[in-house]
């Protein structure tokens, strides 16, 4: 007799799903972004979550982080504070000083796993920009890249494994440092066809790619555009 394999038969043959993709559910509110991490076992997607509350301007970091990743978090909040007026980012009381009477908590889930390295910088900036703007990060975007205090995006390693992790998770857009563009040649052709890549040299480009409709800069009052 012919054997019919349908959805019910697959479940009986293969068993329950080994991995549960929860990307869209996790990005259903502001203050969450997806990063890409490299591990000895390959690439992984990494969620970054942020919340704010009344306080004294403290930054709390949890998730078993190494020193380099902690530095990336401090760099991210410093860059956002210096550019708050440019992007019209305010705390709960409407102040452009994002830490004025405000505490920020950054959490990296999977706390049992030690996390370190500079490549989460762009993800932390995007996560905090989402928190203070009240806008959702695109649920199909993952990113990786080191940042500087001036807002530049520096190259990182493990691009092939990270891109494969994004593809495996069903994401559609990957934001990479511009200087890592050459590493895309290592990605299998079928994976490259399924993904769109945005290469960024600065954080302005990262934010524009991470939010639907871009991340517009607030126009400065009193300035008139000239056609000269």
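From the backbone N, Cα and C atoms, a Cβ is placed for every residue, glycine too.
Here's what TrEMBL has on this protein:
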- 119: active site (ACT_SITE)
- 162: active site (ACT_SITE)
- 27-213: domain 'Lon proteolytic' (DOMAIN)
Using C-alpha atoms only, work out the spacing between residue 119 (active site) and residue 162 (active site) and round it to an integer in Å.
-> 11
CB contacts for residue 119 (active site) [other CB atoms within 10 A, all chains] = 28
Note: in the chain of residue 162 (active site), residues six or more apart in sequence with C-beta under 8 angstroms of its C-beta are 36, 37, 38, 43, 142, 144, 174
Can you give the mean pLDDT for the domain 'Lon proteolytic' (27-213), rounded to a whole number?
-> 93
